[in-house]
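Summarising the annotation, TrEMBL assigns transmembrane segment to B:20-38, B:58-77, B:89-110, B:130-151, B:163-188, B:200-220, B:232-252, B:280-300, B:312-335, B:364-385.
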Amino acid sequence: MTTQDQKEGQDQKEGISRRRLLSTAGAGMATIALASGVTLISRAQATPRVRGVGVPASSKIRWGFLVNTNSDPSDWDTCVAACKKENGWANTGHPNTDPQWIRKVSLKDKRTGAATSLPMMCQHCEFPPCVDVCPTGASMRRADGIVLVDRHRCIGCRYCMMACPYGARSFVHHDLHNQRPSMPRGKGTVESCTLCVHRIDTGKNPACVDALQAKGSKAIIFGDLNDPNSEISREVARYLTTRIRDDLALEPGVLYRGL
Amino acid sequence: MKNMIVFKELDANGLDYLALLGWLLVFIVAGLGSSWYMEHNGHIVTGMTNQIVWGMPHVFAVFMIIAASGALNIASISSVFQRKMYKPLARISAILAIALLAGGLMVLVLDLGRPDRLIVAMTKYNFKSIFAWNIYLYSGFFVVVLVYLWMMMERRMNRYARAAGIFAFVWRLALTTGTGSIFGFLVARQAYDPAIMAPMFITMSFSFGLAIFILLLLFTYKATNRPLGDRILFMLKNLLGVFAAAVLYFIVVRHLSNLYATHRHGVEAFILLNGGVYTALFWIGAVLMGCVLPIALLFHPATGKSCSAIMLSCWLVILGGLAQIYVIIIGGQAYPLDIFPGYQVSSSFFDGVVHPYAPSLPEILLGLSGMATAVFIVAIAMRYLPILPMSLSDAAVDPSHDKSK
Ligand code: SF4
Ligand code: SF4
């Protein structure tokens, strides 16, 4: 157990007020707006940044990413590396079958020739077709907008991969090695970016965002799109943003700026 | 009520019959072995990738599932549309339908990433998923057709056979619609459009199912020396010609209407012009072999009356049908997703490029084992159940002979 893990364990024991403290400390994160006269309990049930054990995810939150495509293209390599490290997926020399939870996509405007690049991962759609088509309900959307696959329920039919317009999902084609305890995976099942749910639930940023911040980049801003005071909401209100394949009206939780 | 048709089990204890079963078992075991191999090593041993997620097993499975509902057509024509000529064929038609569905589902299940979790698929449902609906439609089909078969075979239940037949007919339409909708509902894929997928699949089912049915009839009656008259054979082959023409019609309508939609031009050009193997399979397989040649053979005055030409037409419809499903399923995935319209894209995940796919041996064996399973079920059923008329000679099937009764 790392010291970080131990600290989180303590946090959970120490209860709501401690959690609140942690949440306020979270970098630019949605904090709980404390209206006077609201009881402690209802505050805790509102939108805690840290999700306690057994506490259901709150629909008051809508986790999202704001990606600034004008950033240094090497930032996306940083994200990919961080995601691999955090979640244990890797290149095994089989590019056609190796999973990719996040990838760097290079774009060139066919008419103007202008080029850019961006990171593409699960867009955590508000109306996710992958969830709609899943026969067993293994593909699911959590109340706070995170789209996940229940690896114990997934039968590996791959219909969700047919349905996802973003090519965001991968099928585990081979035996797995070096799995991370925080991110169990399974051969024969489908996986994709979890928005680092295990980190979010303990009050941390997703690994890709943390890695960017460590190198002083704000290429991806993570936060609660429902909280008007969050950094992401303020940025989204300030700049024009795009949702990819917006014509499909899936309302992705990942927004792109500069596209 | 007239009843000149005598149904009788196959009197098949000969070596030929056992040899047939033996060969089928070889294929079935090979398929089971392939599935075990694929599950043990992971799908990395197949030709499938993260871009082509449904491969050869799906081609076979979807083909058999839609052919299953088409095979029931003969029974439906006799019960629902009260065509007496078809009545002697109703039982075998129902058995073939069940067998094909079982074979198709077997392939579908054995190709899952986790076939061991079948119980999850049977107990946990997401009712928004057309796939989950299909699980109901498929299991219901077995029950509905078995009940229907029982009502046809049990004299005291005969009077309910028509109602059961109508129910089964409606069910099979729903089933094929459901199967077609698996593709129709994929908003993200340029190759699939919701409006035409379902009716097209229904027409395809008529054609594929009937082709298999005629082949089965020709083979069995020849092998057992039971008489098969021209009357019934020509009636069936004319029907097959009409169905093949209907499939051709839908192919034309589908691609013409796609050509009206600008955003589908890319994928249309891919299938019709520059898609390499998919273009070849489309024109030579689906159009020429699956429709044009059989139509010509079946309706030409010279070949239309030849047993071997009819047999050839059936094989062509089957092979052309497989080609058509291949183009729909694999070709539809090979063409890259249009995630960024108007941009030229590239990535380590093969964005923006046509995805290669080559079916591996285990995949093909698994698919063939589904076919073998279907034939195996039919062979066993014929041996132990009175589903096959002793004679299908003109005199036996022609209703005008009944009047002498
Ligand atoms: S991006 Fe794809 S996998 Fe992610 S929620 Fe949307 S449809 Fe599902
Ligand atoms: S949020 Fe986590 S899982 Fe998703 S791309 Fe970033 S690092 Fe990977």
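The backbone N, Cα and C atoms fix where each Cβ goes, glycine too.
Remember, TrEMBL labels are computer predictions, not curated facts.
Source: prediction; values computed, not measured.
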Contact between the transmembrane segment (B:58-77) and the transmembrane segment (B:20-38) (3 or more Cβ pairs under 8 Å, separation 6+): no
Any contact, the transmembrane segment (B:89-110) to the transmembrane segment (B:200-220), with at least 3 Cβ pairs under 8 A: yes
Maximum Cβ pairs under 8 Å to the transmembrane segment (B:364-385) - stretch from the list B:20-38, B:200-220, B:232-252, B:312-335: B:20-38
Contact set, same chain, for the transmembrane segment (B:20-38): CB under 8 Å, 6 or more residues outside the stretch: 45-46, 106-107, 110-111, 115, 361-363, 365-373, 375-376, 379-380
